[in-house]
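Visitor: This is the structure I want to talk about, given as C-alpha cells.
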Amino acid sequence: MEKQVLESSEERTFQYQDSLPSLPVPPLDESLSKYLDAVKPFLNQEEYQRTEDIVKNFKKGIGKELHQKLLERAKTRRNWLEDWWLNVAYLDLRISTQIHCNMAGPGPYIEHCWPPKEGTQIERASVNIWHTLKYWDLLRTEKVAIERSGNAVLDMNQFRMLFCTCKIPGVTRDSIGSYFKTETEGECPSHLIVLCRGRVFAFDAIHEGSMVTPPEIFRQLTYIQKRCHSEPDGPGLAALTSNERTKWAELREYLIDLDPKNLTLLEKIQRSLFVVCLDDSSPHATPEDYSEVTRLGLTGDPTVRWGDKSYNSIFFSNGTCSAFCDHSPFDAMALITMLSYAEKKIIENEGRWKGSDKVRDIPWPEELVFTVDQKIINEIGRTKELYYKKVSDLQLVNYAFTSFGKALIKKKKLHPDTFVQLALQLAYYKCHGRPGCCYETAMTRRFYHGRTETIRPCSMEAVEWCKSMLDPSDSTYRRLQLMHKAFAKHNKMRKECENGKGFDRHLLGLLLIAQEQGLPVPELYMDNAFTVSGGGGNFILSTSLTGYTRFSGSVLPMVHHGYGFFYAIRDDRIVTTCSSWKSCPETDAEVLCRAVFQCFQDMLQLTVAAQL
C-alpha cells in the first residue's frame, strides 16, 4: 500500500515552475557600491576618484530614474531580464556564434568503458544515443528529478531546450524555435538528424509506438555510413551555420527562394530531437590530456555539425565523442545533468547493450537532399575557408591536474570552486604582472527562468593576496591570512549572485532601459573603469565551473587578448580547459594552464606550512 502512495505522489519535473519566485531587482545603492568595489583593482587613486564621482552623479541623477523604470518593468514580468538577456547576450550578435559562443565538451567514457579504439564509432554511438533518447522520454513524462540547491527548488525550464530546439538566423536578430512538448502537452517531434560526409539524413526514434533499440540505431547508422563512404560527399550545407549571422540568414532566405522544398528540409532539422555527427577524425585522448578531442569537438569539421542546434552529439572514428551546443537556449549545467545520466547508465551496463538483438523492419533513413546551385556551392567553400582560417588560430589545452582534488581541498575546509578561482588569479598575475578582470558564472536558477549572474573573482582581497604571494619578504602567516580573506570575499560574492544580489545584470538592465527610452548612454558606461574591469563583455578571463562530475567543457576567450578557462573538480583531480588566440602575442593557454597547476600546489603548501 505504502509503495502505491509514493508512486502517485512523485514530483513531476516541471510542477513547481509556476511557484518559483520572480527575479529580484537589487537596491540601486547596493549594486553601485559593489560595482565600485569591483573596479578598484584596475584603477589608480586618481582614476578611482573620478569613477566614484561618476557613480555618485549616476546614483542621484539618471541612474535613479532608470532604476525606477526598471522596477516598473519588473512588476509586469516574472523575470525582467529574460528577453533582454536572450537578445543581448545571444540573438542580437552578428559574429559567427558557432565559433565564438557555442560550447563543447569531450565525453569522459575513455576513462572507463570506452578507451579510444578504431571501428567502434557506430556501436558506441548507438548505445549513447539510446540512453539520450531514454532521457528525452523521462523529460516527456516529467520523471527527471527536480534539481535543488539546499532546500530551494531550481528552475527546470532550460531542460525543455535540450531537445527539439534550434536557433534560426535572422537578418538583424535570430530567434529560437523550440518544439519540445511533454506528454501532457501533446505531440513532440521524434526524429534524429545524422550528418556524415557533407550529407544529411533523418530517421525516426519511435517505431510503432516504441523507442528504437541500440541494434536498430546501429542498423540505421551503418546504412548511412556505408552509403556515405561508397558514394561522393554531399555539399556540406551544415557549414553555412558557421557564418556570421546576417550572412547565414541571407543565404538561408536564398536557399528557400531557390526551392520551397528546402524550407521543409530546414524545418525538419530545426525540429529534430538532436543532431548526430559522424566525424571521420580520430582525435588523440587520454584521461590526463583531452586537448585534441576537446578542440575538435569545439572547432572540428563544420560540415558535420549544425551550429544552431541546441545539441549535437559528435562521434569520432576512434570511438571518442564530444557534445557541441548552441549556448543561447541553455547553460551548461542542464546539459551536464543529462550527460551524467547517460554516463551513469553506460557504466552500469559496462558500455554494452544487454537487451534483445532483434531488429524490427523499420523504414530506412531518408536523405534530406537540398536543392543547391553554384552560388550556394561557392558560398559553402568560402565559409569553410573562413572557418578553418579562424579556428586554426585557436590554442586549446585540456589537462587534468592529478595531485589532488575536491576531497583534499574540502578536508582543508576550503571551498573547491574558490580554490580554483584564486589559483587562476594568482597564475594570471604571475604570467602577466597585473590583475586579470574575470567573469565567473553563477546560477540564478532559484528564480523563475533564472540563468546566470556574473561573479567577479578579481577582488581587492584577491589582488592583495596575489601581491603577498609574489613578495618574497612576506611571511607565510600573512599570506595565509590574506588568502582566507580572499576566500571569504569570493564565497560571499557567489552567495549574493546566486540569490539575485549581483550587480552586472542590474547595470545591464539600467543601460537597456536607457536605450529603449532613446536616452544617451549614461557616463557610467562610457567611463574607462567600466571597460577595464570587464564591463561590456571585456573580461580577460572568461570562466566557469562545469561542476563536480567527469564532464568538462570549453569555450573561446571573450576578447582577443583573453582566455577561456573552464574547469571540473573531481574528488582526486581538477580538469581544466584553457583557450587563447595564437595571434595574440601576450597570451598562451599552455603557459597559463601550467601556472595554474603550480598555484594549486603553492596554495596547498601554504595550508600545510600553516599547520607546522
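Placement of Cβ uses the backbone N, Cα and C atoms for every residue, glycine included.
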Visitor: In TrEMBL, which of the ranges 1-20, 61-80, 301-320 has the region 'Disordered' annotation?
Guide: 1-20
Visitor: Please compute the mean pLDDT of the model over the domain 'Choline/carnitine acyltransferase' (23-596).
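Guide: Here the mean pLDDT over the domain 'Choline/carnitine acyltransferase' (23-596) amounts to 97.
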Visitor: Using Cβ atoms only, which residues of the same chain lie under 8 Å from HIS327 (active site, proton acceptor) while being at least 6 residues apart in sequence?
Guide: TYR90, THR97, CYS101, ASN102, MET103, VAL555
